[in-house]
Amino acid sequence: MKFGKDFVRQMIPEWQQAYMDYAGLKSILQEIQTSRKRSERPGILKRKLSGSRNFSGLTKRYSRTASTREPEIQDILVHATTGDDGFERYETTILEVAEAGRESELAFFKTLDLEFDKVNHFYRSKVEEMVKEAVVLNKQMDALIAFRIKVERPSSSWSCSETVSVDMNALDSNDQRNTLAEEMGIRVEGNGSNGGDSTKESVPQVLSVLERIRLNKTQETPLSTIKNVLKLSNQEELKFTRENLKKIEERLKNVFIEFYRKLRHLKNYSFLNTLAISKIMKKYDKIASRSAAKPYMEMVDKSYLTSSDEINKLMLRVESTFVEHFAGLNRSKGMNLLRPKVKKEKHRITFSTGFFVGCTVSLVVALVMFIHARNIMGAVGHKVYMETMFPLYSLFAFVVLHMIMYASNIYFWKRYRVNYPFIFGFKEGTELGYRHVLLLSFGLGTLALCAVLINLDMEMDPNTNDYKTMTELLPMFILALVVAILFCPFNIFYRSSRVFFLMVVFRCIAAPLYKVNLPDFFLADQLTSQVQALRSLEFYICYYGWGDFKHRQNTCRSSDVYSTFYFIVAVIPYWSRFLQCVRRLIEENDSSQGYNALKYLLTVVAVCLRTAYSFNRGNIWKISAWVFSALATFYGTYWDIVFDWGLLHRPSKHLLREKLLVPHKAVYYVAIVLNIVLRMAWLQTVLDFNLSFLHRETMIALLAALEIIRRGIWNFFRLENEHLNNVGKFRAFKSVPLPFNYNEEEDRDS
């Protein structure tokens, strides 16, 4: 792989603007090379004619590239100056510039200096942030040590007037002299009988920290939300229990893991940019026939980017502290927790995915041929089948289609370097790849299609009439299996992803009692495109709960309870998004969230009116449903394109946005048109547009499938826009809450 591609591949996506513009510098070098080739062409004949004289030595000259060149001669000088902001800036002067490519060479070094200044400035600012964060972590660990002493020795009573020594060997290791207590400036004395071998410390000084701290509630609950609304304190009094100690240690462990991850990213940032400068200077020397790489790299080696060892020191301190206090002095265990987990692609996943794809395609073909050969659509009872069994099996079709769209999203997010694991907040190394999602989707598809074929075959075979009840229960068995896998407590079938999904679903249901994060409103938006699937779930409860499956009859529509929940189930996803927007409006004071809430409120009204029209076919209901559906559709379409995707901005080029990840602009225009067309398809149920050769349930399923496809398209551009926002703010790390809150005033006084 060429360095340019490898350089881009190893970049931190959110920091890509802060890296060296290697491609831009390379393009300038190509201009220099082109200029030099042009200048050499008129001299080709002259060089040929003078070849024999050169050989005789009569016209011998010493070129700059000759082997006899003096090593002391330099082609460039690099000057370092300090700007008003205190940061160093570098300026390169070319001592001798050839006429050919003069402008390009000057432009090359000017661009190179600007790029290096940018990298150096960014690196220094980030290192300063890390140093400040390390100070905060020192305070947190100071509090942890005091808290641990209090928990480990609850029977002892310490007062500030006493001077008591405690053997710190119970908490810290004597083998590692660079202990946490020493790093944080705690005075440690050796006054044991073993010549100072025992580490002892004045405990009241350490415990005095506890007077200035409170416990932060890092996990939000409905109770904490209510306290915030009532403006009550959301901090806990210190309770010195082993349970609290375990929670604090777990929180600080996560803080250290994230902090170490930042340090690794910064170290990699420094290395990659230094390597990029070295590579581009070697290319310059080769093209321009100069020796500028050595003096320039000497300057780079003296700069803050490569000479600073703050990051290495911090990494060593974090490793030592983490291994000692969070890994039980087991270095291999501690480093395994600190280092990023590389997810390995397994061949059996690819094989299994391909196997189930083949099974699904084969079963679809077999189903079509079976329906055609047995003339099922013209058979007696096919209408009853479409009104009972079809909605049951269509649930799996909706889920499988949505998973396929999500797998496609993951593929294209990875291709265009959208950092979706960071955006969604997945635990490192646990995110599902597109192959895993396809495996699950086609596995479920294969299972559902097998059930459909078995059902139809037994339906048409007179010898299996005694097993009709079992035939009717097939979809229920599949649904029960899916639910059992989803809630399975064992570490199988991607347990971390299942737990994450269920937690986000619960937060969506409990809105607005939880702070709204991107996974919360993203999943709620997915559910708005699965209204028909939710109604199918309601039909499962009605069909099997009330015993209709025994006689294959649908009495659900005649039930007032079913009709009421038919409204409620369709409204739940939109209402959840409405409450999430209200929460963000109050919490963030962002007026755009108010307009977004209005969009979902309009949709709630439209869905209710459309549902009422499906029960009561009257002109008033039809007109009301049509008006509100049209308003919701136009409002939603505008919001999708302008706010969610960030497109159609007038100042931007081509009416899109300033930055686009997909190089082909036509993709964005096609996506806009598709979004509008598929949004309009939502109006069909109000317009009573039906096709004579399609059953009503089939039409509903097709429209629901189109909405799922629209949502899949929306997903890619929504996350692309979110990723570009992170890139603009250089936001590459998640914020991990700290367990302790310091009283700053008391801290300053002390």
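Even glycines carry a Cβ here, placed using N, Cα and C.
Considering the side of the membrane named for each residue in Swiss-Prot, VAL380 and TRP645 coincide. Per Swiss-Prot, the range carrying the annotation transmembrane segment out of 436-456, 562-582 is 436-456.
Your range for transmembrane segment, going by Swiss-Prot and the list 351-371, 498-518, is 351-371. A contact between the transmembrane segment (473-493) and the transmembrane segment (392-412) is present, since 3 or more of their C-beta pairs, 6 or more residues apart, lie under 8 Å. Secondary structure counts, DSSP: the topological domain 'Cytoplasmic' (413-435) has 10 helix, 0 strand, 13 coil. On the 0 to 100 pLDDT scale, the topological domain 'Extracellular' (372-391) averages 83 in the predicted structure. If you look at the topological domain 'Extracellular' (372-391), the same-chain residues 6 or more away from its ends with a CB under 8 A from one of its CBs are 455-456, 459-460, 472, 475, 535-536, 539, 543, 548-549, 552-554, 695, 697-698, 701. Within its own chain, the topological domain 'Cytoplasmic' (413-435) has Cβ neighbours under 8 Å at 8, 13-14, 16, 261, 340-343, 345, 349-350, 353, 407, 494, 496-497, 500, 517-519, 522, 661-662, 716, 719-720, 722-723, 726, 732, 734, counting only residues six or more beyond its boundaries.
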